[in-house]
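See below for the structure under consideration.
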Amino acid sequence: MDKSKREFIKGGFATLVAAGTSANAFTLQNPGRDAKDSRYIGNKLKQYSMIIDLRQCVGCQACTSACMVENSVPNGQNRTFVTEMEIGEFPNVRKSFLPQLCNHCDDPACVPVCPTGATFKREDGIVVVDSEVCWGCGYCENACPYDKRFMNKETKVIDKCTFCAHRVDEGLLPACVETCVGGARIFGDLKDKNSEISKLLANFPTTVLKNEQGTKPQVFYIGLDGRVENLLNATVSLDDMMREVIGLKPKEWATQRGDK
Amino acid sequence: MDTLITTLSAVTPDRVWGIDVPNYFWFTGSSAAAFIISSFAHVFGMEKYKPIAGFSLLMALVLLIAAPMNLIDDLTQPGRVMNFFLNGWENFPTSPMKWGVLLLIAYPILIFFEALVLYRPFFVKRMHNSSGIKKRFYLILTLGRKQINEEESKKDHHLGFILGAVGIPLALCVHGYTGYILGAVHANSLWSTPLMPILFLASAMVSGTGLLLVLIPIFQKFFTEQKRVDGSIIAELAKLLAWFIVIDLVIRALWLSFAIAFGNDPKNYLVEFFTIHFEMTLYVEYILCLLIPMIIGFTKLRNNFPLVFITGIVVAIGVWLFRWNTVIGGQTIPRSTPGFLEYTPHLLGQGSITAVLANWMLFIALVCLVTAFFPWDEEMSEHYKNKGLENE
């Protein structure tokens, strides 16, 4: 072996040893949380939560658009979306809207299963994903009862709603709340008893999606019609029904065209 | 009466686990089964399995080396594999995927050493008959114990017993944990059952035995000195297969009865799910791939070698389909938007049909490599000589 080669191997070995013993290399959590980066820790004095007042929602999808723009979500993927339904049959029929987003559960199903520590709950209750640590195994996506995680087509890691943590940390409201025309989305701190959200929670009957999953969701709904949760009574979305008819390219995962 | 709900617009939910995952589960399961069958001889001293014990052990090793490649292929950021080892250990108690890392490392190492102990006398012979670098290579494989005598062979036997005995729970864990991965997902009505780990183990015993029913005859016929298939061991394995199918069916019956007949809300989704897949599940998965093989194994038909060979292929495919229907099927059940999903794997690239085929090619290549290195054929012939079966 010539000298330069030997030096090269020695150098490489030394680097490996250094990397293996540096403080950040092996961690119980993840490097960002160990470094106490404020983006990872959040604000200990707050407990963020959202109320969606369905009486105010007009189904305009302004929240959907604002979120896509604010968070550069790839085309065709959504962190939040308003499902639009018709309940009942003519003539006894009415429109119903169900804005959905990550519930930032107090006892999330997605966090404990993460094998890399990439997803975690901040001290202010916001559940986030470290896009530099996530290796894209998708376990959290399968664990989420609400289907609110997705594999970002561009970053190739799991993506989800963050309650616009980057805005919240600056004292701003999440983009969807800021833009909601009917004031249907109310965001705030549950630890502040004078906040609008605390008052609404105190004065109105609220409910959460899939309470039986035991994840303690932190997105509460006013005026939620329990029937919309029974998916077996619902037709598949018209978009999906038409996909084959209008000759769109088949997706790897697609909704079966229902016969209902 | 239920109200009809017409969905005008919704998002098709994202799903992540594709064809790689059922294939991975099939490989680890078959590996565990092959190991346990080899332990019948090494740990429980069952004479009739002695001739195939060494070969089964090597298959267990190869299956488990090939298996994790599926997982790496299924990752969207495979370059970040190190993150798995370096971060997130606080989730160790709650993330079955995290347990996998220890098992997937410990288990093949254990099998490798068990194989070295088992084949040590042959390596010693080869060492004496060779020179130079080859001699040194075989010296390493003997792990420094160069004598062949009564005392040493007793020691080999003892070591083999210990490694086999430790290996059995490890083999059960290495596949049981994959059942845990699914069973732990309470959001998925098909997966969420405490029976999932043992259900996976039971069906793994079926697929592993099926695989051995295919591989053993091929190797005995074409790569051994005697050049003939030992019909008695094949019939024995077919009978064992039938018992494994009984266990599998019992656990499936427990699973489906509690989930559907006596279940609460998710049962409606499961009824719908099994209605959609009724023909496939009943006729192919249960009747063709479980009931008929069970009948063959329990009757005189098990002495019909070509039939048993085909049965081996059929049950192995049947269990693969079960893995597919569980992993993919579970993900097709709606959770937040109406409508069951369907999955069509793509042909090329990551997580594609080609990727899985490539994994099978890797498996075959590894089988060739390992069977070339380990003197499994000499060991097998020795058993037949001892049993006097050679002139049968």
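Here the Cβ of each residue, glycine as well, is placed from N, Cα and C on the backbone.
From a predicted model like this one, the values you see are computed outputs, not experimental measurements.
Per TrEMBL, transmembrane segment is recorded for B:24-45, B:52-72, B:99-119, B:159-178, B:198-219, B:240-260, B:280-298, B:305-322, B:353-376.
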Cβ contacts the transmembrane segment (B:353-376)/the transmembrane segment (B:159-178), at least three under 8 Å, sequence gap 6 or more: no
Annotated stretches the transmembrane segment (B:305-322) and the transmembrane segment (B:52-72) touching (3 or more Cβ pairs under 8 Å): no
Other parts of the chain folded back onto the transmembrane segment (B:52-72), taken as Cβ under 8 Å at six or more residues beyond its ends: 20-21, 23-24, 27-28, 30-32, 34-35, 37-42, 78, 81, 104, 107-108, 111-112, 114-115, 118-119, 171, 174, 211-212, 215-216, 219, 233, 237, 355-356, 359, 362-363, 366-367, 370-371, 374, 376, 379-380
Tertiary contacts of the transmembrane segment (B:99-119) (same chain, 6+ residues out, Cβ under 8 Å): 31, 35, 42, 54, 57-58, 60-61, 64-65, 67-68, 84-85, 92, 141-143, 156, 159-160, 163-164, 166-167, 170-171, 173-174, 177-178, 180-181, 374-376, 379
For the transmembrane segment (B:159-178): best-contacting stretch of B:24-45, B:198-219, B:280-298, by Cβ pairs under 8 Å: B:24-45
Distant-in-sequence neighbours of the transmembrane segment (B:198-219), which means Cβ under 8 A and at least six residues beyond its ends: 25-26, 28-34, 36-37, 52, 55-56, 59, 63, 172, 175-176, 178-179, 182, 229, 233-234, 237-238, 240-241, 244-245, 247-248, 251-252, 255, 290, 293, 305, 308-309, 311-316, 318-320, 322-323, 367, 371, 376-377
Positions whose Cβ lies under 8 angstroms from the transmembrane segment (B:24-45), at least six residues beyond its ends: 52-54, 56-57, 59-61, 63-64, 66-68, 70-71, 74, 107, 111, 114, 118, 160-161, 164-165, 167-168, 171-172, 174-175, 178, 200-201, 203-209, 211-212, 237, 240, 316, 319-320, 323, 327, 359, 363
